[in-house]
Each structure stands twice: as structure tokens, then as C-alpha cells.
Amino acid sequence: MFSLPALLIGACAFAAAAVAASGDGCRAGCSLAIAAYYFSEGSNLTFIATIFAIGGGGYQALLPYNPAITNPDYVVTGDRVLVPFPCSCLGLPAAPASTFLAGAIPYPLPLPRGGGDTYDAVAANYADLTTAAWLEATNAYPPGRIPGGDGRVNVTINCSCGDERVSPRYGLFLTYPLWDGETLESVAAQYGFSSPAEMELIRRYNPGMGGVSGKGIVFIPVKDPNGSYHPLKSGGMGNSLSGGAIAGIVIACIAIFIVAIWLIIMFYRWQKFRKATSRPSPEETSHLDDASQAEGIKVERSIEFSYEEIFNATQGFSMEHKIGQGGFGSVYYAELRGEKTAIKKMGMQATQEFLAELKVLTHVHHLNLVRLIGYCVENCLFLVYEFIDNGNLSQHLQRTGYAPLSWATRVQIALDSARGLEYLHEHVVPVYVHRDIKSANILLDKDFRAKIADFGLAKLTEVGSMSQSLSTRVAGTFGYMPPEARYGEVSPKVDVYAFGVVLYELLSAKQAIVRSSESVSESKGLVFLFEEALSAPNPTEALDELIDPSLQGDYPVDSALKIASLAKSCTHEEPGMRPTMRSVVVALMALTANTDLRDMDYHPF
């Protein structure tokens, strides 16, 4: 029944594929890479120099890379501070043969800001340049608690040294985490790459990132402080496996072969036991047995699709069917079993995020929450949702191919979204916190009714009650995150804050972070702009300057002022001073009662 030589060949092939796929297969790193650090409120150059272990002059060493900083004591919030660091060829502790390019920055413990001793707390200081999951994978400490004292954490920040298959001209690269509204193309243009040929080159350095907005890390060639590009070092990069990787393949295939022999023995023993006890065949169990046995996960409420069915429906995941790209995977449109669907495709490394979203969406069912249809766990992880065919709120507000929204439509969208959040916060046990509420995650159907989407991707957290706060990793989108989020504190009031920002977006049609120029150095948050207007001697007049001009004055001024005041309450700096979503729904229902919704039957395109 089983061929041992075939098993050995298969084991070696599997090991080789696993090693080749799990890392870059790098042979060497490069002496220099640059990180684009998002400068947030409370940061300073000394702190940045400390967490990047920059010696020999401290923050002074940062100044040659940041000529725009003329006063080290004053850096505008939202600016990117460029930080040099060495880019090395590293191996994962659990699989040394799996190599990848990253900076390994020694992080002293206890933490400089104090009070944190988890990977979440460490990652929170690096403004999306790394994640808690990445730190856990590249360090030996358990995730629950990192010992203090003289210990240290190696902070791994992905980097690039170039690729000889793309161009020999570039060997110095910027590691740039995208924030809301940014894309690979916009960042590349900011650093001088704007022609079609240059953009094609940048996309080759960043496969799969074209058009992605606000999520993920991109690599951009940059000049050194002398204004010169570093050429790629000859032979410094490549995809051939290192000697360590080859050794790893040999060891892995032997180990897999031994395990295979053990499994064969156990299989025959199990068959005998099965015959004696008349137990059912294991083939009756699904790929998610372990997940379905976990508390609260009820996959029987969703359809399990086959990989073949999804592959055929998307025409082999063709670009014609691709409708989106996120930090954890791609989204495709397809018709499955007569229903229009949106299919999120994730790698196996996103198992935790996949299970989190599956757990939530098999529990919650509401008109204003996107509906999960099914899933698949063959080859990759797939979540299948209902397809919402009128885009998202951000697209309508930015008018990317859409006509302006009427005032009545905006008020109804606000109420729909608030009801979805109220359901999560008030009517589900345990309570769920979305953690990434924003206009891009509010989908609109053909009748302009709103549905909240994007629950997974590690942005969903259970809490025991409305008053309880849970410390976890930082997640969310810049511009929508409340002050407490930077310390990993999560409660339903995090969603309330983000919803307040969405209300400001509905009023102004501006993005959560407003740039007064192409440079990120002149950026202000909507929260700041509206608070400034509401504190003016004549709030109504100041507010009129922020209201979306496409409304052409066709809105009730008193209602606009009430929504702005409600948004201000939602974005209060103190979580305890923010209203509950139930209170927000009541306030918006009162507004809709006074708003003429007859034009909701008219849908401009």
C-alpha cells in the first residue's frame, strides 16, 4: 500500500518546497537600509534613536537622513523620520535554514516607556514597521511575558537590499509602512519614481502591492545623505538556497521520513482499533475539526466550498476577478452556486486571523453587518462573503467614479453603521470590538444601505463587558485610532472613537488625515480640524468651511452642527467620556426623524 522510496522522495520534495517558500533564500545582507518611522504624538528623536539602538551621537546620527528637520526639538506629528539600520540575512529560531532579510535591532528591557513586557508593547513603539506576531516568530521568549532585567528582544524589521533580476542600479532601500490613503504608487512618486517605466520597476520590487491602500510594507529605492543611489552589490542577492538551507532540507527530509514511518505504524494500529470498536471513518471529519471544537466556533452555519469550485469561479484567481488587496490577502469576485460573492484569499500563516473572523461571523447576524456565506481550507484559507455591489463609503466620499452623496443618504449611512456597531457592543455575548472602523470598511449596497465589513485580520477582540478594557497588540488605521490604542488598550470605546471620525468624514468628504500639500509634513487629523471649528467664536460659520462643498449648501445647518457635536463626543480623549453606541443610535434616529429621506429612492451614478 505504501512505497517507502516514494515516501522518502516525497518527504525531500516537501522539505525543499517548504524551505524555499518560507524565506527569501538570501545569502547575505547589506550594510544599510532605511526605515520610514511614522512620527506620532509623544515621540521624539531621542526615543527613536534609543529603540533603534543608534549609538555614537544618538539622535544626531538621524539628522543627515532627515535634512527637513531643522529643529530636533520640533517634529511635526505625521512626518516620516528616516532611520538607518543594518539589513542582515537572518534565520528563524524554529527553522534556521529558512532565511530572510531583516534588521535585528537589540531592544533593551525593561521598555524605555515602561510598563510593557509583551511583544505587543514592543511592537507598538515601531509604528507598523514590525508586528507582535513577527517578533514572536523571531525571538525565543514566550508571548505572554518577556523577562525584564538584562534580557533583550531582537526587533526584526523587514528590509531589502535590491534584486539583480530587477535592476543593478539600486542597493539602498526604504522600508515604508503604508498608512491610510497611501499606496505603493503615491509613495514611489513622493521619492521621485513617477514615469510608467519607473512605476513598473517599483512594482517588480513589490509584487502584489500595486493599488493596495493603507496596509502593508513597501520597499522604495532611496538616495543616501550625499544624494546618490547605492548600486546593488554584485552577487549580494539572489534566490538560490544558502548552504544552511540545503542542510536544512537534508535534515528536514530525514525527519519527515521518520515521522512518515511512525504515521504508517500508527495508521495500521488505528485501523485495528477502529474495526474492534466500529468507530466512524476519519474521512467524515472536516479540515476544521480542531477549529470547530474550539469554544464558540460553529462552522456548521456556513458552507464549506471546495478549492476546485473557488478556483474555477475566479478563473484561476485571475486579475479580472481581483477586486481588492489587504495586508493578509487578496479579494476576488465570483459567482458561487448562483450567488454573487466576494472571496478573501489568505495564506496559511493567517490561520489565527481566519479563525477569528470565522468565529465572529458565524455568531453575529445583522442587516448592517456583512454576511459570511462560507469558507474553504484547501491549499489556502478562504472566506466567502456576500458581494456588496456599490463600493465602500470612502470611494463615494472621495467620488472615485461616484456622484456626490445627498445629505439624507449620509445621515442614513451613519445610522446604519451605528446600528451595526451597537449590535456588536450591546447584543452579542461576549462583546466584540471591531478595531478597524473606517469609511473604507463600510460597504454600500444598491440602495445605499450600509454594512460593516473586514472583521478579521486580527482586528477583532472579545471583552467581557462594556466597561472592561483588554490589553492587546496595536491594530487599526492611523487617523481613526484613539489615544489609548497606542498602548494596546482596547474597549468598545475604541470603535466609538473611530465612528466619530467617520461622522466627520460624512460631513466633510475629507480623509481622516488631511494633507495640505503632497508632503506628509503638512498633515492634520479631521478630529483636530473639527474641534478647532467647534471651538471657534462662531461654530456654525467655521463648520461651513469644512462641510463637503458638493452638497452645495443643501443640508440643514442645525443637523450638521448636531452631527459634528455628536462626533466630538465620540472622539473625546477620555474613553469614559465617550457615549455608548446605543446612545449614538438614539441621537441619529432623532436626526433622521427630522431629515427628509424621500430622496433615498434616488440613486445617483
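Note that Cβ sites are derived from N, Cα and C of the backbone, with glycine treated the same way.
Quick look at what Swiss-Prot annotates:
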- 21-245: topological domain 'Extracellular' (TOPO_DOM)
- Asn44: N-linked glycosylation site (CARBOHYD)
- Asn154: N-linked glycosylation site (CARBOHYD)
- Asn158: N-linked glycosylation site (CARBOHYD)
- Asn226: N-linked glycosylation site (CARBOHYD)
- 317-591: domain 'Protein kinase' (DOMAIN)
- Asp436: active site, proton acceptor (ACT_SITE)
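Here the features listed in Swiss-Prot are placed on the structure.
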residue : record                      : Cβ contacts under 8 Å, 6 or more apart
Asn44   : N-linked glycosylation site : Tyr59, Asp73, Val75
Asn154  : N-linked glycosylation site : Ala104, Ile105, Pro106, Tyr107, Thr138, Asn139
Asn158  : N-linked glycosylation site : Phe100, Leu101, Ala102, Thr130, Thr175, Ile217
Asn226  : N-linked glycosylation site : none
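As a whole-number mean, the pLDDT of the domain 'Protein kinase' (317-591) in this prediction is 86. The Cβ neighbour count for the residue listed as 'active site, proton acceptor', using a 10 Å radius over every protein chain in view, is 25.
The secondary structure of Asn158 (N-linked glycosylation site), as reduced to three states from DSSP, is extended strand. According to its DSSP assignment, Asn226 (N-linked glycosylation site) is coil.
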